[in-house]
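Beneath this line is the structure, given in structure tokens, with notes to follow.
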Amino acid sequence: MEHIEILKAIFLGIVEGITEWLPISSTGHMILVNEFIRLNVTEAFKQVFLVVIQLGAILSVVLLYFNKLIPFSLNGGFYLKKDVVSMWIKIIISCIPATIVGIPFDDKIDALFYNYQTVSITLISFGILFIMIENHNKGKHPRITSISEITYTTAVLIGIFQLIAAVFPGTSRSGATIVGALLIGVSRTVAAEYTFFLAIPVMFGASLLKLFKFGLHFTSTEITILFIGMLSAFIVSILAIKFLMIYIKRHDFKAFGWYRIILGCAVLVYFLIV
């Protein structure tokens, strides 16, 4: 295997690890990065790679939040943690809208909306939305300050925002769910954590869907590229999640909004020129 392909896989994993958790759109970045860094693989495998490396990102959430995610305790005997079970029920509810639309219409959505025009528009529009929401919420105290306070109705509403991200690339799954949560009155830290947890079934399901669609017939070289990309995404995701949680305890999301606007304009200008 050429060393250059390994370096490409590492770099793509780094991009995935950063952009999957920060509300800045992994798709928007991957479209730009793909213009300059192309894996020397088949188109089918490239599509699988770009989705399956998300498994590395998922594992980072499981590692960092294991005690909050595991629904049972072994301390002093086996018993279910009701608050965690309730949280998982809400997460499943939030996943329903995207699942209903995403699975049967995955190919049609990609064909219609996976282009630079859609990505640039959603980057800019949700960037503006972030700034507007933070300006609106300035000085206000959030109504929901813990995940246990999220109701089933709130879970459905957050799920609808996740559906928007599933349909329109560039929205950013984390960006859409955080925007939805902030609009409802969820605190920044709770919105971010709920978004992290919500990613586990969503991204795991998306990875399985791609694997089943394109099959599991990989060469040893392709398996190595997948593993390296996942490992890179895993390590960088841990750092990105820790950074975001520290950052939003002292700052709002407006900086990410401005970044999205700049990136959206850059994507639009680049592809119009090229």
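Glycine is treated like the rest: Cβ placed from N, Cα and C.
Here Swiss-Prot flags 47-67 (among others) as transmembrane segment. Proximity of distant same-chain residues to the transmembrane segment (47-67), defined by a Cβ-Cβ separation under 8 Å and at least 6 residues beyond the stretch ends, is recorded for 9, 12-13, 16-17, 20-21, 30, 39, 41, 193, 196-197, 199-200, 203-204, 206-207, 210-211, 214, 225-226, 229-235, 237-238, 241-242.
Annotated transmembrane segment per Swiss-Prot: 85-105 (among others), in sequence order, evidence recorded as sequence analysis. Only residues 6 or more beyond the boundaries of the transmembrane segment (85-105), in the same chain, are considered here, and those with a CB under 8 A from a CB of the stretch are 71, 147-148, 150, 152, 154-156, 158-160, 162-163, 165-167, 177, 194, 197-198, 200-202, 205-206, 209.
The transmembrane segment feature in Swiss-Prot is assigned to 113-133 (among others); the stated evidence is sequence analysis.
Among the features that Swiss-Prot reports, transmembrane segment is placed at 150-170 (among others).
Positions annotated as transmembrane segment by Swiss-Prot: 196-216 (among others). With a cut-off of 8 Å between Cβ atoms, the residues of this chain six or more beyond the transmembrane segment (196-216) that come close are 20-21, 44-45, 47-48, 51-52, 54-55, 57-58, 61-62, 65, 68-69, 87, 91-92, 94-95, 98-99, 102-103, 106, 147, 158, 162, 173-174, 177, 241.
The annotation transmembrane segment is assigned in Swiss-Prot to 225-245 (among others) on the grounds of sequence analysis.
Within the same chain, residues 22-25, 28-29, 31-32, 35, 116-117, 119-124, 126-131, 133-135, 170, 172, 175, 178, 182, 188 sit at least 6 positions outside the transmembrane segment (253-273) and bring their C-beta atoms closer than 8 Å to a C-beta of that stretch. Summarising the annotation, Swiss-Prot assigns transmembrane segment to 253-273 (among others) and lists sequence analysis as the type of evidence.
Here the transmembrane segment (225-245) has long-range neighbours at 1, 5-6, 9-14, 16-18, 20-22, 39, 41, 48-49, 52-57, 59-61, 63-64, 189, 192-193, 196, 218, meaning same-chain residues at least 6 beyond its ends whose C-beta is under 8 angstroms from one of its own.
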